[in-house]
Amino acid sequence: MSDPNQNGQQGGQQNAGGNYYQQYFQKLTQQAQAGGGYQPYGGYGGYGGYGGYQPYGGYQQFYQDGQQAQQGAYNGYPYQAQGAPGGFNNYNNQFQPQQQSQGMTLDDFHKQKQTSQSAPPKQKKSLKLVSSSGIKLANATKKPKEDEKKEEEPKKEEKKAEPKEQESKKEEPKREGTPRPAAAKDEKKEDLPKLEKLKIKEEQAAANASGADSLIKEQEEEVDEGVVNDMFGGKDHMSIIFMGHVDAGKSTMGGNILYMTGSVDKRTVEKYEREAKDAGKQGWYLSWVMDTNREERDDGKTIEVGRAYFETEKRRYTILDAPGHKMYVSEMIGGASQADVGILVISARKGEYETGFEKGGQTREHALLAKTQGVNKLIVTINKMDDPTVNWSKERYDQCVKNLSNFLKAIGYNVKEEVVFMPVSGYSGAGLGTRVDPKECPWYDGPALLEYMDNMSHVDRKMNAPFMLPIAAKMRDMGTIVEGKIESGHIRKGHSTLLMPNKIPVEIQNIYNETENEVDMAICGEQVKLKIKGVEEEDIAPGFVLTSPKNPVKNVTRFVAQVAIVELKSILSSGFSCVMHVHTAIEEVRITKLLHKLERGTNRKSKKPPAFAKKGMKIIAVLETERPVCVETYQDYPQLGRFTLRDQGTTIAIGKIVKIIE
């Protein structure tokens, strides 16, 4: 048998496109037939187009500058890509066989199989043993199944194992003399991966499909009252929104409730009191608990929907403090869409009540918007009863109640069952946490505000319906976070959901409750923040909906709706455009067709479509949005099926979706 060093030198000097490589393996095949075996090939350097050569232990190595020969063993070759990418490891003057797998690519291996097809099966088996053994047989003989997978790994994995490869080279010739059945066994191992991979892929696909079904089934498992009681200590959650005209005392009332329930400590309130006094706004310090924005404190008016959380012995509450100025009605609508109960704050102070309730004041519009957004329980607090202009006057209180009752009845409230009135003082706290003093107000013996809210009937929740959460806000904090109220269903950490209307699959990584604490599950009615995976923050907008993958929310641009026109200076006809508020979404909408006019009192549909509509009329019409919007019919999901139409800063109509056009 010829000297492997000479063969290695000649083989290393061949280019990638040369024929010597094929000739050399044919020669090895002949030698193996004649001599019963062959020594391992010592590495084919430069293969792959570089044309270099790989040095052997007995070959003097010259650096590129051609100056000094290196006779002894050396460590670390300073130049890369000279036949062996990444440099060389320890080589000694004494010949050490090198594994073929170091310098051969997967394409070369297939070429090798083609050139050796004419050889007898035994030689083919031996050849495969050389190409696939090396480190694997020397170091992992007890785990042949793992070796099958390692053959297909990238070269980087092989490079990491080079030191062990060098240590096992001296033992390699002995392994070449192993019995033929072992080689045949290894040949089968070489042929198995393709079939095994195909089988594995099929099994994985089946597992993924069954896993998806089981995941959806798990996500739709019912949540009973026992689970909820264990999680929340038997306390259900209620979202309340403070509404009313600007300066009615909404933020002051909310801040005082937080202080009385212990959600804000005394030291913080005293700090706000000192700061307000220094700023010449001593009477506003309680409102600063809710109005944390500097602009809000300076102007004394709320701009954004403030959020706060408090807890009583019976319930957990989220406060939504809506802006009272007409410039921020859009924010108020977004807050009302997330509320269960509305607290309409009315100032009894002389002049302020008239300003808020008269045409153009926000008292009327806020009450209307609350009804439109599904706030069917309304608590009307006649505030500032301790003001010197009022002084707990029963006559003033009765006047306010009478006017408001007539108006609330006109916009759809059942005053006897859905509305309650009570006199309070948001600043002093009278009538909030405790009942008013009989000495000051002998004519009222009803409950205080918190007492009444704690004893209200539970809100009907769809805990086991498909999950839906309209997104009210988004942010980036070590990932993408969205905020909103769960309108139906429940959600657990790790659940898979769908972001509509973009149809992006996302995973729930973390769930945070009203107090910013991480929890494992949240149910319908909860105000939550969700950290989601699979979408970037810039690809989300308020009005998007996180929904169940199996029962996603409808994503449409056209629908049929029943519309009631409440305020319109001109007439409404086909082609009329305005702005639609539906849950947390705000979209431009156009009325494309008037279908029917509804008779007053009976709601009977007209046979002929009306040519136009005006204030006070109810119609059935087709509406079309500029972009896809996530909605449902009012019958299926009331919170996603009711909307408000606004034009030029005025609420002109309210409506509910009766049919989806897909």
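Each residue, glycine too, has its Cβ placed from N, Cα and C.
Fair warning: this is a prediction, and the values are worked out from it, not measured in the lab.
Annotation comment: Swiss-Prot describes 73-102 (among others) as compositional bias 'Low complexity'.
Residues annotated as compositional bias 'Low complexity' in Swiss-Prot: 128-137 (among others).
If you look up Swiss-Prot, you'll see 143-193 marked as compositional bias 'Basic and acidic residues'.
Annotation comment: Swiss-Prot describes 235-461 as domain 'tr-type G', evidence class sequence analysis.
Under the heading phosphothreonine, Swiss-Prot lists Thr318, citing similarity to another entry as support. Under 8 Å, Cβ to Cβ, and six or more positions away along its own chain, Thr318 (phosphothreonine) finds His237, Met238, Ser239, Ile240, Arg307, Ala308, Tyr309, Glu514, Gln527.
The region 'Several sort of repeats' annotation in Swiss-Prot covers 9-102. The predicted model assigns the region 'Several sort of repeats' (9-102) a mean pLDDT of 45.
Here Swiss-Prot flags 244-251 as region 'G1'.
Among the features that Swiss-Prot reports, region 'G3' is placed at 321-324, with the record citing sequence analysis.
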Discussion item. For the region 'G1' (244-251), how many residues does DSSP put in helix, in strand and in coil?
Written reply: 2 helix, 0 strand, 6 coil
Practice prompt. Specify the secondary structure state of Thr318 (phosphothreonine) as given by DSSP, simplified to three classes.
Written response: strand
